[in-house]
Every structure is written in C-alpha cells, then in structure tokens.
Amino acid sequence: MNAGILGVGKYVPERILTNFDLEKMMETSDEWIRTRTGIEERRIARDDEYTHDLAYEAAKVAIENAGLTPNDIDLFIVATVTQEATFPSVANIIQDRLGAKNAAGMDVEAACAGFTFGVVTAAQFIKTGAYKNIVVVGADKLSKITNWDDRATAVLFGDGAGAIVMGPVSDDHGLLSFDLGSDGSGGKYLNLDENKKIYMNGREVFRFAVRQMGEASLRVLERAGLEKEDLDLLIPHQANIRIMEASRERLNLPEEKLMKTVHKYGNTSSSSIALALVDAVEEGRIKDNDNVLLVGFGGGLTWGALIIRWGK
C-alpha cells in the first residue's frame with residue numbers, strides 16, 4: 001500500500017489585480033513585471049475573507065471530488081503562513097466548519113515549500129495505516145502581509161488555496177520519493193520584518209531557489225529509480241518564471257512539461273504548488289500512470305521535492 005491523491009479542489013478570490021492596476025498604485029509597469037517575473041495578474045481576497053475561508057472552500061471541493069464526505073476524513077493538514085491567530089489552527093477551523101467530527105487537524109509551516117511538507121507528512125500516516133483519508137491544504141492570504149510600498153515585492157504576491165485528499169493506493173502508484181530540507185542560516189534573506197510585512201533579499205533567494213530546487217529534483221528522481229525523461233509533468237513553486245525555467249532546464253525537459261500558473265495567480269506561497277496541481281488536473285495535463293514532480297522553496301530557508309505517480 002502507498003499514499004496517493006484521490007481528489008483535488010481549489011479556491012481563488014474573485015478580485016483580480018492586474019499589472020496595469022499596480023501601475024496606478026506605484027512606480028512600475030506591466031512590461032517590467034512581466035519580463036522579470038512572468039506575472040500578469042493576481043487574486044486578492046476581500047478584507048473580510050480570511051485564510052481559513054480560502055482553505056475551507058478548497059477542502060470542500062477536494063472532498064467532493066474524491067467521492068467522500070467530511071465524516072470520512074481522518075486528518076486535516078494545512079500549510080500556511082497567514083493564520084489569523086497562533087491558535088486555533090486553520091486546520092481546526094475548517095474541520096469544524098465542514099463538520100468533520102472524526103478528524104484531527106494541524107497546521108504546518110514551511111512557507112512556500114509548505115504544501116510539499118504537508119503531502120509528505122500525510123503520506124506517512126497513510127502508509128503506516130494510522131489514518132486512511134487525509135486532506136492537505138495549501139492556503140495563504142499574502143495580501144495582508146505584503147508591503148505595498150515596496151515595489152520589488154508588492155508585484156509578486158497573491159491569495160488563494162489548493163487542496164487534495166490523500167488516501168491508500170497501490171504500491172506502484174502514489175508518492176514514490178521525496179526530499180525535504182532546511183537551511184536556517186538563510187532565514188535573514190526572506191522573513192517578516194518588524195512591521196509584519198514580507199522582506200526579501202531577491203538576489204540571495206534566487207540563488208538558493210535555483211540551486212536547491214535543481215538538486216532536490218535530481219535526488220528524488222534517483223530515489224524513485226527514474227530518469228529525467230520519465231517525468232511527465234514538472235510543477236514547481238510559482239514564484240518567478242526565471243526560477244521555474246531554470247528548474248525545467250536543469251532537468252532537460254521540454255517546455256510543454258512545465259506547468260505554469262504564475263501569470264494568473266502570482267506567488268501564493270503555501271498554496272502555489274497546490275493551485276498549479278489542481279489546474280493541471282482540471283486542464284487534463286495529468287493522466288493515469290504519469291510521473292509528476294512537485295518542487296518548491298520557501299522562507300526558512302526551506303525546500304521540498306516529491307514525485308507522485310498518478311492513479312490508484
């Protein structure tokens with residue numbers, strides 16, 4: 001028995017903030033943003049719309065798509081950096097709102113790599129037989145911690161949530177390998193400043209991301225006994241098109257094997273990889289027996305990579 005994906009779901013706020021909107025808010029341009037990041041627009045949550053609202057909507061859809069009910073869920077794991085409070089956790093809030101009376105809940109925090117940490121954590125519970133059905137959510141409302149006076153970072157971030165239901169699958173499907181890591185010495189390069197807004201040293205973060213995402217991708221391939229050409233789809237953290245393209249080139253993959261959503265969502269941190277995965281499923285980019293590589297990096301500094309073989 002292995003742990004695989006049974007259903008997916010997403011939620012993005014209605015409001016779209018385009019690069020042209022940002023031109024009216026700060027000294028920037030659509031051309032400057034697109035050429036450096038690949039971002040054209042991002043979603044922004046309402047003031048009265050919170051991270052747990054985004055997570056709830058995505059989880060609800062994922063459970064329905066898995067053909068399950070909330071009472072079938074044993075555990076909720078939410079990856080986020082924008083909890084409204086230290087406690088209760090976002091996972092506990094959505095567990096209550098969904099009426100999932102049989103489920104436990106906990107949040108995990110590894111910034112933009114958080115979803116990969118959540119997936120790997122869920123897989124361990126399933127593979128040991130401790131739990132059967134686990135909802136893993138990546139959700140963030142980055143607009144509330146964005147410094148809108150810093151054009152270098154304000155143009156990057158958006159809000160949203162992606163969710164999956166994980167459960168038992170056959171031994172030759174599901175999670176084939178993973179690589180999680182941290183380099184705490186780099187925490188000074190990406191963090192919340194004294195005003196609780198995002199600070200980023202873009203140059204240092206770029207170097208870290210390109211190096212670690214590439215190396216982690218090669219490690220999970222080796223651990224899964226796969227070659228680069230065995231990969232059917234690469235879903236990287238949607239931070240910056242240049243970082244994403246560097247990851248693709250490191251693996252010698254053709255352009256069509258790179259999943260891109262950065263243009264329409266921007267960088268949504270914990271939900272970035274999850275949203276891209278859900279879009280890939282909805283667009284028919286993933287079919288049974290496909291080998292899918294998820295890889296990301298985040299504040300901490302952290303990184304996570306994993307390979308899933310699609311299907312049951």
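Using the three backbone atoms N, Cα and C, a Cβ is placed for every residue, glycine included.
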Of 18-22, 138-142, 238-242, the range Swiss-Prot labels region 'ACP-binding': 238-242
Packing count at H237 (active site) (other Cβ atoms within 10 Å of its Cβ): 30
